[in-house]
Amino acid sequence: MLDPNLLRNELDAVAEKLARRKFKLDVATLRQHEERRKVLQVETENLQAERNARSKAIGAAKSRGEDIEPLRREVNQLGERLSSAKTELDALQSEIRDYAFSLPNIPDDDVPDGRDENDNQEVSRWGEPRQYDFPIRDHVELGEIAGGLDFAAAVKLTGARFVVMRGQIARLHRALTQFMLDLHTEQHGYVEHYLPYLVNHASLYGTGQLPKFVEDLFHTQPLNEEADTSAYALIPTAEVPLTNLIRDEIIEEDALPLKMTAHTPCFRSEAGSYGRDTRGLIRMHQFDKVEMVQVVKPAQSMQALEEMTSHAEKVLQLLQLPYRKVLLCNGDMAFASCKTYDLEVWLPAQNTYREISSCSNISDFQARRMQARYRSRTDKKPQLVHTLNGSGLAVGRTLVAVLENHQLADGRIAIPAVLQPYMKGLTHIG
């Protein structure tokens, strides 16, 4: 959520910055609402003060034995006018608040302008795509050779965009998860968390999935503020429960930065992606991910973004997977982000790089929604923290990359050295 003071006092500047994201701010309506809000605010304050004064006058008149009925009628009339003004003010503030919740974050000045992924800027590359002297198989065929990827069984159990893994493929999937968690907790300083996979309405508002992206969620009942406690949604990412741990909290400065990680399944309806990536594991309704979240002081958030991105890169480097680092343009960034790096891994069967991690600085956008603050040593007034999140990594897509990049001519898969301890010493599968 954007700073309300910016919307009140620097509306044209905000509109100009959001225009870089191809978002048209309704300046005229907002300005009109703000003018009316100010009038109503003054009116309610004046009516309240006048009503209080008349109420006191009733007591004084009563003690003097005077007729207080005219004053009572006046107090009642003031109360009716006050109630009407408050009702209008509350409705207007609610409308302004709802509109503010629909506004994306302001992009950082370093973010390039652009419309979509074609305008993103490549920052660097690591590793050289391997040259093969045999026909390249994709991960679906390799999984079938190993007997470990069964999409037909998943269709029978549930439907499209699900998978059943078994045997060595299931073990490799688990090994990747354990390797990522161990790397982030033992070398990168994150604290592992186990989290609920169902979250409530407030959590989804806190991280920005609601109200804009309700169609992307799987939910148990329609999500609204009045719903009972059974109105939950399956998490689209561990970012939601991890980040909401600091909702309505004041953190002491000495406790920052907070670095948290978790492995969870993620559930997404993939609304709007019909017909895209229908083969294999690339785009699933249910997939596993190891998530990284950092909570930092505002001055440290850009440095933290570089650090977090390097943590995701380290996973790819140790797995010997070629990738490129891309700075997203403002037209391709997520709703809550002010700056994002994507890591795209090389997939030989597609002869292209595909996203495997997205690392974002959210600045104070989520913190303001969640009222997540810290108290500095010098200034006792709590200030908003900055939050960051990143994939470290998407496990299913990492499995795809390992299968395709480390395939052999006979269809077997060479296990990267860092995974062999998690595979009971196996050097190959298939």
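In case you wondered, yes, glycine gets a Cβ from its N, Cα and C as well.
Taking H, G and I as helix, E and B as strand and the rest as coil, DSSP gives the region 'Disordered' (103-127) the counts 3 helix, 6 strand, 16 coil. According to Swiss-Prot, the region 'Disordered' annotation covers 103-127.
Residues annotated as L-serine binding site in Swiss-Prot, with sequence analysis given as evidence: Thr237, Ala238, Glu239, Glu291, Ser391. For Ser391 (L-serine binding site), the same-chain residues that are 6 or more apart in sequence and have a Cβ closer than 8 Å to its Cβ are Lys289, Val290, Glu291, Met292, Ala312, Ile356, Ser357, Ser358, Cys359.
Packing around Ile356 (ATP binding site) is summarised by its Cβ count: 25 other Cβ atoms lie within 10 angstroms of its Cβ, all protein chains included. DSSP assigns Ile356 (ATP binding site) to a strand segment in the three-state reduction. The feature ATP binding site is assigned by Swiss-Prot to Arg268, Ser269, Glu270, Glu355, Ile356, Ser357, Ser358.
Ala238 (L-serine binding site) sits 12 Å from Arg268 (ATP binding site), taking the Cα positions as reference. On a Cα basis, Ser269 (ATP binding site) lies 12 Å away from Thr237 (L-serine binding site). Listed by sequence, the residues of this chain that lie at least six past the ends of the region 'Disordered' (103-127) yet keep a Cβ under 8 A from its Cβ atoms are 1-2, 14, 17-18, 20-23, 25, 302, 313, 316-317, 320-333, 335-339, 341-342, 346, 361-363, 365. Neighbour list (Glu355 (ATP binding site), Cβ cut-off 8 Å, at least 6 residues apart, same chain): Asp342, Leu343, Glu344, Arg397.
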